[in-house]
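According to TrEMBL:
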- 7-208: domain 'Phosphoribosyltransferase' (DOMAIN)
- Arg79, Arg104, Asp131, Pro132, Met133, Leu134, Ala135, Thr136, Gly137, Gly138, Ser139, Asp200: 5-phospho-alpha-D-ribose 1-diphosphate binding site (BINDING)
- Ile194, Gly199, Asp200, Ala201: uracil binding site (BINDING)
Amino acid sequence: MANLHILDHPLIQHKLSLIRDKNTGSKDFRDLVEEVAMLMAYEVTRDFSLQDVEIETPVAMATTKMISGRKVGLVPILRAGLGMVAGMLRLIPAAKVGHVGLYRDPETLKPVEYYCKLPPDVEERDLIVIDPMLATGGSASAAITFLKQRGARNIKLMCLIAAPEGVEAVDRVHPDVDIFVAAVDKHLNEHGYIVPGLGDAGDRLFGTK
Ligand SMILES: O=P(O)(O)OC[C@H]1O[C@H](OP(=O)(O)OP(=O)(O)O)[C@H](O)[C@@H]1O
Ligand SMILES: O=c1cc[nH]c(=O)[nH]1
Ligand SMILES: [Mg+2]
């Protein structure tokens, strides 16, 4: 699939194994999710354009490069997407953060919206939707649809772990969206959980359950 990018850097894969381990407690889980999000941000921003700038080093004038004026927005899907925000802001500190609150109904597995607060100029920004888990794809698809309804056009999706079903679902509804993941797992189980996955990302981040 042309718009699926699997980020297989050794540091990302090593940390993802620790995140998956059921014996990793909430504090380490949070730290690792933040670190992996930061490492993934490095790849997700690879296509940012550069412009020449003139600077004076202690030795000479130089023509060098800086990121050109695109504005960036991060859009975590609540709750679990919050765990990835701080790591991404370490690399993209000028980004504004919008929040979309969705939970997945445990019976129907359909997303239910409960919150949406976005930067006012969302249509001018390059948006990165973030959520650790892409399972059926319902939540990510719904979040991207909200953003498009509010005028956003340039949207990427970044998740730690995806199920093949979720990648296909997002690609079917939003073929214009590039999807960045650290791993595509085997399948979903009968409760809609990714196998082998990491369990419930929100519960593991925040110690609920
Ligand atoms: O691809 P889907 O089938 O929609 O599932 C993925 C969604 O499920 C999880 O959220 P959850 O509903 O558990 O909410 P939470 O983050 O508040 O725990 C996860 O963080 C995604 O948002
Ligand atoms: O495996 C899954 C699927 C949905 N949400 C999670 O947190 N984990
Ligand atoms: Mg959850």
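First residue shown is number 1, and so on along the chain.
Including glycine, each Cβ sits where the backbone N, Cα and C put it.
Taking the C-alpha positions, the distance from Ser139 (5-phospho-alpha-D-ribose 1-diphosphate binding site) to Ala201 (uracil binding site) comes to 14 Å. The secondary structure of Ser139 (5-phospho-alpha-D-ribose 1-diphosphate binding site), as reduced to three states from DSSP, is helical. The average pLDDT computed for the domain 'Phosphoribosyltransferase' (7-208) is 96. Ranking the binding-site residues Ile194, Gly199, Asp200, Ala201 by the distance of their Cα atoms from the Cα of Arg79 (5-phospho-alpha-D-ribose 1-diphosphate binding site) places Ala201 first. Remark: of the binding-site residues Gly137, Gly199, the most isolated position is Gly199 (fewest other Cβ atoms within 10 Å of its Cβ). Rounded to a whole number, the C-alpha distance linking Gly137 (5-phospho-alpha-D-ribose 1-diphosphate binding site) with Asp200 (uracil binding site) is 15 angstrom. When every Cα pair among Arg79, Arg104, Asp131, Pro132, Met133, Leu134, Ala135, Thr136, Gly137, Gly138, Ser139, Asp200 is compared, the largest distance found for this 5-phospho-alpha-D-ribose 1-diphosphate site is 17 Å.
Residues Asp200, taken from the binding-site residues Asp131, Ala135, Gly137, Ser139, Asp200, are distinguished by a CB atom under 6 angstroms from ligand 3. In three-state terms derived from DSSP, Ala201 (uracil binding site) belongs to a helical segment.
In sequence order, Ala201 are the binding-site residues from Ile194, Gly199, Asp200, Ala201 with a C-alpha within 10 Å of the C-alpha of Asp131 (5-phospho-alpha-D-ribose 1-diphosphate binding site). Counting neighbouring Cβ atoms within 10 Å of each of the binding-site residues (Arg79, Asp131, Met133, Ala135, Ala201), the lowest count belongs to Arg79. Each residue contributes its Cα atom, and for Asp200 (uracil binding site) and Met133 (5-phospho-alpha-D-ribose 1-diphosphate binding site) those atoms are 9 Å apart. Compute the center of the Cβ atoms of Ile194, Gly199, Asp200, Ala201, which mark the site for uracil; besides them, the chain residues with Cβ within 8 Å of that center are Pro132, Met133, Tyr193, Gly197, Leu198, Gly202, Asp203, Arg204.
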